[in-house]
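Enquirer: Once you've had a glance at the structure underneath, I'll fire off some questions.
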Amino acid sequence: MYLKSLKIYNFRKFGTNNNKIEFVDAKSFQEQRNKKEVNIAPTTTLIVGKNNCGKTTIIKSLDNLINNNKDAFKANDFNFLYLKKLIEYYEQAIPKLDDELKEKIKTPYLQFNICIGIENNSNDLVTNIVRFMKLDDINNSELKIVIKVELENEEVFIRDVKKLLEKNDNSSLRFNSFLELINDSDFKINYYNTDNDKIDNFNIKNLIELRPIKANNIESEKCLSKAFSKIIEYRYKTLFEEESDNLNSTIININRTLTKLISEKHTVSINKSLEEIESNEKLQVLLRADLTFQNVMNNLIKYEYVERNMNIPENQFGLGYTNLMMIIADLIDYMEKYPENSFNSKVNLISIEEPETFMHPQMQELFIKNINEAIASLLKSKNKNVNSQLIITTHSSHILNSKIHSGNTFNNINYVTTKNNYTHVVNLHDDIIIPKSEKKAHKREQDLKFLKKHIKYKVSELFFSDAIIFVEGVTEETLLKYYIDDNNKLNKYYISVFNIDGAHGMVYHNLIEILQVPALIITDLDIERDDDEKKNFKQISDLTGKFTTNKTIKKYNDDSNSLEELQHEQLKINNMYIAYQGKIEEYYATSFEEAFILTNYKNELLNSVLKKMKPQIYENIMGEGDDFTKIKENSYKLQKKLSNDKSDFANELLYKFITEDITIPSLPKYIKSGLSWLAKKLEGEE
């Protein structure tokens with residue numbers, strides 16, 4: 001058996017929509033089971049998202065339910081928006097309670113829907129769960145369990161709510177009193193099937209085990225010694241009883257030898273001295289050795305690592321390495337102690353929350369690979385068949401990369417964010433990110449392969465960004481970061497800028513829409529020119545009969561590459577804003593550099609950079625005078641001459657932005673409009 005999904009209703013930030021967390025699909029689980037080599041990566045569930053979005057809530061809900069901890073659910077665990085709507089309902093319903101109202105009064109509850117996958121020809125014990133199963137469930141090889149945290153006495157609760165409403169007129173005081181009432185009320189955990197039939201004498205703990213592993217568990221300089229001492233102690237006491245008896249016999253003999261030696265060397269001499277003070281019948285000391293198995297485990301085991309044949313003590317370990325080893329120590333402890341029959345008859349979950357603590361990026365990138373190899377080694381050495389699912393919560397882009405590349409898939413990744421004050425879960429899957437297509441099967445495979453590889457190079461930050469900007473060149477990538485930092489509306493948000501050319505950037509569009517992160521895509525008109533126009537550096541002032549080579553514009557322009565009827569300067573598609581050049585100072589720019597030159601052709605700083613970068617060309621254009629309209633009229637020529645020096649051009653501009661007290665050039669209008677849209681989107685105005 002394995003955990004397929006969990007739906008959370010009204011618990012903390014969770015509401016009633018976009019509340020499903022997917023763990024393992026049948027295909028991934030079966031593929032892992034059929035492989036000879038252990039590889040937990042494809043079935044590892046990753047829960048990613050920024051801080052305070054609901055990642056920990058998912059693990060907490062499982063922990064409370066599995067441990068049947070009904071007392072752990074307090075008023076603060078209910079979604080406050082849900083409770084506010086509930087009290088508004090009471091204000092309307094309770095006055096009608098005695099006469100008009102016929103239906104049952106609603107009471108606060110939490111709900112958790114668990115879906116368990118069952119393997120075909122499985123040896124899993126199903127006697128305890130058959131009451132939850134329906135014919136459809138059997139056909140789908142799954143069962144669904146509905147768990148509700150409900151009031152023990154609804155009548156008393158409704159009576160107390162009525163008193164509360166009569167007593168408090170102030171809405172704020174009412175709500176606080178309502179929270180106190182919920183805290184003072186007793187709740188129970190009930191189980192139902194999907195027909196809402198109550199199932200008695202059932203406990204989810206008999207079906208699911210959860211082992212939470214704390215990632216940030218470094219309490220002292222000797223935490224590793226303590227952790228591994230516990231493991232060795234358990235192994236001796238449980239797995240190697242005969243050796244344990246031999247060790248205890250050795251300890252007893254050591255105590256006898258030491259006690260005899262101490263007695264001969266010290267005890268007799270000390271007692272003779274004491275006889276001078278008091279009779280030895282009244283005052284005498286006994287010195288003896290007291291070495292125990294526990295003392296050996298706690299104090300005599302030293303944890304060291306070897307570096308170039310030198311033993312390095314534990315307190316010189318880096319925190320990241322110590323953190324990783326503590327996690328592995330917990331895994332060893334878990335697998336050593338857990339009985340084989342429990343692994344095969346239950347859903348076994350291991351959760352690790354935010355393991356990236358103290359780890360440097362490279363260690364994070366290899367985290368799942370390291371954990372996978374540790375588990376594989378443990379299973380091989382113990383000859384155990386451990387049917388466990390790993391659940392990791394993280395806000396590290398490196399751990400995300402680790403999951404994608406170790407498992408070679410986007411499957412089983414849950415992106416958690418907040419939307420309208422509710423937790424919003426997005427379930428990722430290869431088939432959603434790059435939809436299947438019979439006609440374009442090969443291209444789909446290539447796109448998916450590209451995305452898995454390319455996302456490693458910083459683009460994984462889009463999962464943790466407030467907004468993202470895609471650009472197609474080094475100039476706009478370099479300069480935009482400066483302009484964003486200088487923008488008081490945007491600089492308070494985490495905005496990532498990615499430089500990906502348009503054709504490859506399109507591979508990300510499905511993912512961007514799925515994640516619903518506001519995305520500004522800055523692209524170029526890429527006006528198609530004939531050979532004469534290129535040779536003579538012809539300026540374009542009219543788009544009649546003109547076409548674009550830009551695949552992004554073509555895709556969202558009804559698959560047409562004609563520029564004649566193209567919407568002016570932008571295309572809006574859901575959470576994406578595609579910005580491109582409109583007419584600037586009488587001309588249409590074909591690139592960002594040309595648009596920047598056209599917008600700022602009179603700007604002193606820009607002219608000084610152009611003159612420095614291309615002195616001969618600049619002099620030929622300007623001649624003896626200072627008529628800057630000549631710069632405007634030769635914008636295409638200038639951008640073509642700069643095409644091999646874009647990085648130098650961008651850095652020279654940036655250097656002058658920072659060091660010179662002079663008017664900074666403006667961004668082109670199409671980019672300004674895009675940034676304005678982004679600001680409104682982030683502030684909830686769009």
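For all residues, glycine too, the Cβ spot is worked out from N, Cα and C.
Taken from Swiss-Prot, the feature ATP binding site covers Asn52, Cys53, Gly54, Lys55, Thr56. Taken from Swiss-Prot, the feature divalent metal cation 1 binding site covers Glu472, Asp559, and the record attributes it to similarity to another entry. The divalent metal cation 2 binding site annotation in Swiss-Prot covers Glu476, Glu604 and is backed by similarity to another entry. The region 'ATPase domain' annotation in Swiss-Prot covers 1-423, and the record cites similarity to another entry as its basis. The region 'Toprim domain' annotation in Swiss-Prot covers 463-599. Sequence annotations record features per position, and here Swiss-Prot assigns site 'Interaction with GajB' to Arg131, Lys134 based on similarity to another entry.
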Enquirer: Using Cα coordinates, what distance in whole Å links Asn52 (ATP binding site) and Glu476 (divalent metal cation 2 binding site)?
Expert: 32
Enquirer: Work out, from DSSP, the number of helix, strand and coil residues along the region 'Toprim domain' (463-599).
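Expert: Secondary-structure composition of the region 'Toprim domain' (463-599): 47 helix, 30 strand, 60 coil.
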Enquirer: List the other residues in this chain whose Cβ sits within 8 Å of the Cβ centroid of the ATP site residues Asn52, Cys53, Gly54, Lys55, Thr56, in sequence order.
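Expert: Apart from the listed residues, the neighbours are Lys13, Gly49, Lys50, Asn51, Thr57, Thr393, Val416, Thr423.
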Enquirer: Give me the CA-CA distance between Thr56 (ATP binding site) and Arg131 (site 'Interaction with GajB'), in Å, as a whole number.
Expert: 31
Enquirer: Using all protein chains shown, find which of the binding-site residues Glu472, Glu476, Asp559, Glu604 scores highest when you count other CB atoms within 10 A of its CB.
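Expert: The most densely surrounded of these binding-site residues is Glu476.
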Enquirer: Minimum Cβ neighbour count within 10 Å among the recorded positions Cys53, Gly54, Lys55, Arg131: which residue?
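Expert: Among the recorded positions Cys53, Gly54, Lys55, Arg131, the sparsest Cβ neighbourhood within 10 Å belongs to Arg131.
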Enquirer: Check the Cα-Cα distances from Glu472 (divalent metal cation 1 binding site) to the recorded positions Cys53, Gly54, Lys134 and tell me which is shortest.
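Expert: Nearest candidate: Cys53.
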Enquirer: What does DSSP assign Arg131 (site 'Interaction with GajB'), in three states?
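Expert: Looking at the DSSP assignment, Arg131 (site 'Interaction with GajB') belongs to a helix.
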Enquirer: Which one is it: of the recorded positions Cys53, Gly54, Lys55, Arg131, whose Cα lies the shortest distance from the Cα of Glu604 (divalent metal cation 2 binding site)?
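Expert: Going through Cys53, Gly54, Lys55, Arg131 one by one, the closest to Glu604 (divalent metal cation 2 binding site) is Cys53.
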Enquirer: Fill in the CA-CA distance, Cys53 (ATP binding site) to Lys134 (site 'Interaction with GajB'), as an integer in Å.
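Expert: That separation, Cα to Cα, works out to 35 Å.
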Enquirer: Just the number: how many Å between the Cα atoms of Arg131 (site 'Interaction with GajB') and Glu476 (divalent metal cation 2 binding site)?
Expert: 62
Enquirer: Among the binding-site residues Asn52, Thr56, point out the residue whose Cβ has the most other Cβ atoms within 10 Å, with all shown protein chains included in the count.
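Expert: In terms of Cβ crowding, the pick is Thr56.
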Enquirer: When you measure from the Cβ of Lys134 (site 'Interaction with GajB'), how many other Cβ atoms are you left with inside 10 Å?
Expert: 13
Enquirer: According to DSSP, does Glu604 (divalent metal cation 2 binding site) fall in a helix, a strand, or coil?
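Expert: Where Glu604 (divalent metal cation 2 binding site) sits, the three-state DSSP reduction gives helix.
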Enquirer: Which one is it: of the recorded positions Gly54, Lys55, Lys134, Asp559, whose Cα lies the shortest distance from the Cα of Glu476 (divalent metal cation 2 binding site)?
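Expert: If we rank Gly54, Lys55, Lys134, Asp559 by Cα distance to Glu476 (divalent metal cation 2 binding site), first place goes to Asp559.
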